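Let me begin by presenting the structure, written as structure tokens, before commenting on it.
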Amino acid sequence: MQIALAPMEGLVDEILRDVLTRVGGIDWCVTEFIRVSDRLLPQASFRKLAPELDSGARTRSGTPLRVQLLGSDPVCLADNAAFACTLGAPVIDLNFGCPAKTVNKSRGGAVLLNEPELLYSILHEVRAAVPADIPVTAKMRLGFDSTDGALDCARALVDGGAAQLVVHARTKVEGYKPPAHWEWVAKVQDVVSVPVFANGDIWSLDDWRRCREVSGVEDIMLGRGLVCLPDLARQIQAAKQGAAVQPMSWEELQPLLADFWLQARRKISPRYAPGRLKQWLSMLTRSYPQAVALFAQLRRENDCERIDRLLGVEGRSVRPGPL
């Protein structure tokens, strides 16, 4: 069984990847998507969203990082994928699951599930451009507004060269509305010969058990569930091995929250760093009553020094992030 940390634009950046992978239980993670349009991107575009490329494409805990690209031009995606490999990308992942309207309007993400022939062309071109020892993988949803073409899309991606599929078990139109249709993950696995990861609505150990039973697959990708419950992957790994599950306490989480904040202070503008902290803290309120109280204190606070005091990190070394 493998557990992956999902790529979530505007949420799971290098800082949160670092913190979550240090908790444990995650086998690999993925960058936020790097948008490819009609040109070869400069190094800076890759290093901005994948700074771990400077550290062997691994997080501080040693967790491998995959580079995800999003676009619709097969040749341009292939050129950028090949370039990413020269920068150290160990795996190229392609995004066919993003449901954002702005992304779909520019022919990126889940809207391409309406065109299985294009999916095949993209995978074929990227696979041909990338060194043979570097896998190409893909993430998809069940369709744009219907599941009718889900199996055709999965076949197209694998026939084009995908070595692995992650299936977010909802359509684009469904967004994140529950439930996830895990039974469709089983249907996808039945028609392709590569490993399929189940993704969507895994918030707890019980959800994981039900997903495994319904989907029939062992491998999973965790997104919001892991952000809200940072030790979920570790809990699942322990349960899988028959070991005692000891959930992370708020006291154990607090140093990670403080480190997240200090990294945000160093790497993000003071104007935006408080928002990043509040974003994660608001999601932690789902799992920790103590987070509810802390979020209430921080909700309208934008002064970094006062946040330092609330988190108990005043006096710790901080270099302001970029403007």
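All positions are counted from 1 along the displayed chain.
Cβ from N, Cα, C; glycine included.
Database features, via TrEMBL:
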- 5-254: domain 'DUS-like FMN-binding' (DOMAIN)
- ARG35: site 'Interacts with tRNA' (SITE)
- GLN68, LYS139, HIS168, ASN199, GLY200, ASP201, GLY223, ARG224: FMN binding site (BINDING)
- ASN95: site 'Interacts with tRNA' (SITE)
- CYS98: active site, proton donor (ACT_SITE)
- TYR176: site 'Interacts with tRNA' (SITE)
- ARG276: site 'Interacts with tRNA' (SITE)
- LYS278: site 'Interacts with tRNA' (SITE)
- ARG299: site 'Interacts with tRNA' (SITE)
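Structure with TrEMBL features highlighted.
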residue: ARG35; record: site 'Interacts with tRNA'; DSSP class: strand
residue: GLN68; record: FMN binding site; DSSP class: strand
residue: ASN95; record: site 'Interacts with tRNA'; DSSP class: strand
residue: LYS139; record: FMN binding site; DSSP class: strand
residue: GLY200; record: FMN binding site; DSSP class: coil
residue: GLY223; record: FMN binding site; DSSP class: coil
residue: ARG276; record: site 'Interacts with tRNA'; DSSP class: helix
residue: ARG299; record: site 'Interacts with tRNA'; DSSP class: coil
Whole-number mean of pLDDT values that fall within the domain 'DUS-like FMN-binding' (5-254): 98
Candidates LYS139, GLY223, ARG224 (binding-site residues) with Cα within 10 Å of CYS98 (active site, proton donor): LYS139
Rounded Cα separation (Å) that holds between ASP201 (FMN binding site) and TYR176 (site 'Interacts with tRNA'): 8
Those recorded positions listed as LYS139, ARG276, LYS278, and which of them has the most Cβ atoms within 10 Å of its own Cβ: LYS139
Cβ neighbour count (within 10 Å, all chains shown) around TYR176 (site 'Interacts with tRNA'): 12
Residue among the recorded positions GLN68, ASN95, ASN199 whose Cβ has the most other Cβ atoms within 10 Å: ASN199
FMN site span - longest C-alpha distance across GLN68, LYS139, HIS168, ASN199, GLY200, ASP201, GLY223, ARG224, in Å: 22
